């Protein structure tokens, strides 16, 4: 079971593609490896199902914790529901693959990528995307590939190909680009306010590298004796489409050119035309070719009518430069933005509306212990900024069961989250964990970018000192032959009937996130650059409208938000603060009614709704961690008495003991003869033993009162002379 292995030298690393060895019953399989990262990707096709009028493509990325030498933390010690990271990588595979299958395909296709070994220097996601293309080609599935993906980072002024996790964290760019010989089909990126030109150059840099991986796949196919052939598309009966073209073109065009109507009015009129033509067909004789054609496929009318509407809308944009709502190609819809739309029990809130797209965003401030722990293969184990995106059915006037968030919700939330990360305050100056929730109240395109805008406003309303506000817009594209038109701020119908959805988010300074999906087999870098540059004035306009709602972050937090104190202690003294079995820190939290978090590096964060209580907890911890030296004198309070001495709290939470022999210059029979609990005394540190215990003394130390019965020294009796 050796199989065939093709090695590609790729930017100083070796990428291996092994076929014919693993998963022999899958339609096609490849083990793609780089360093110690290994991903098995399979592609399998089954025959289509009756009545399906779309491509039922399933892309799944599976993580196994054994890949990193770990055992799952669940009760059953087994991987459970896919983590968010796996969902995002599944989408990353799906997005460049889907447009490369022929439009007529209706067979079930499943691509499964399983990470079997993970090298922290080599992320698995881009390998999985490239492997998906190779496995599909090996399976002989009709596919307009090969396709490959790479990651591009930016360290200083230099682009880095397929950077490690550490390099991604240190760099100013994390960009994934996927492409075919025809051009770029997918882009996903997070950036630290980079200029448009820098991002365009990064995409170009990545696309050039893709060529090597595309050629390697072609060589594997050749060595395996597999010929890549695209079957002819099934013949489509054009009787219905010809009939609709003749009978509906004029009426649909009139609706699309009426710019004074609302979306609802336009949709209703287009639906009325369809109902009318359907009734007209029903009235035809049974032997009429149109009626006979429709009787063989009852979905033919619906599909042909959609295709005609799509064609007419696209022609109007290409030939007349006018969109269905009357906007120019580079025009943004009307914007309305408000901050503090909910009572201040919600720490921050905002309502952002662009056209018929409306999003309510809320911001909540939490303590470090509220960070989200990530039980996946990502080396970063927790998240301190979380964005959740909700898309209820009423937002598009529909009814359906309310279930857990799907892949789309997870993906949109992650994009909006990524857009804000570069402008969040540093952890050491603003140690809060932040959660933003974006509720889509109405959707007509670009809800993810509306969530970016709403998130910014909600965080500013919550008093989060953002480095800069972030806004975003979705760009679209219509391509007919050599004619290309780029659309700014696309609405729902333009997204559905167009060729591209390109979301660009950023500040006035530069881009923080972008995501491009295509419905065609590739786009040249020049066109992508044009779209990115056209998004800049739109973003500037949107940011201006946002700043009209709230110009700067609020100076004060909501009275219902926790107050945090953050300071650093010696990491070696963390155990002292925690105490045996956590007793010390538990005692502090109960005494002060606070919440305390301590990081491994010694950063202590105290949370409380009462500022004085937080300061008291800080005073206690600083007392516990303050080093005491022999000879120092402290005022203190007697806390407890034992037969051989008394304990004194000399610093908050730190006690020392006065041995009975150190209570007085004179002999003391009982400790209670000198001191009692609650007495205020002044003590000197006599010694600190090898176990760190503090031994105190009262001898030779001036007292300022407060002791119960401090005896004066008496002379030692002298034995009589004999």
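Heads up, the Cβ atoms here are built off N, Cα and C, so glycines get one too.
Segment annotation: Swiss-Prot labels region 'Disordered' over residues 700-722 (candidates 677-699, 700-722). Averaged across the domain 'S1 motif' (631-699), pLDDT in this predicted model comes to 91. Assigned with DSSP, the residues of the domain 'S1 motif' (631-699) fall into helix, strand and coil as follows: 6 helix, 36 strand, 27 coil. Each of the binding-site residues 495, 501 was ranked by the number of other C-beta atoms within 10 Å, and first place falls to 501. In this structure, residue 501 (Mg(2+) binding site) is part of a beta strand by DSSP.
DSSP gives residue 495 (Mg(2+) binding site) a helix state.
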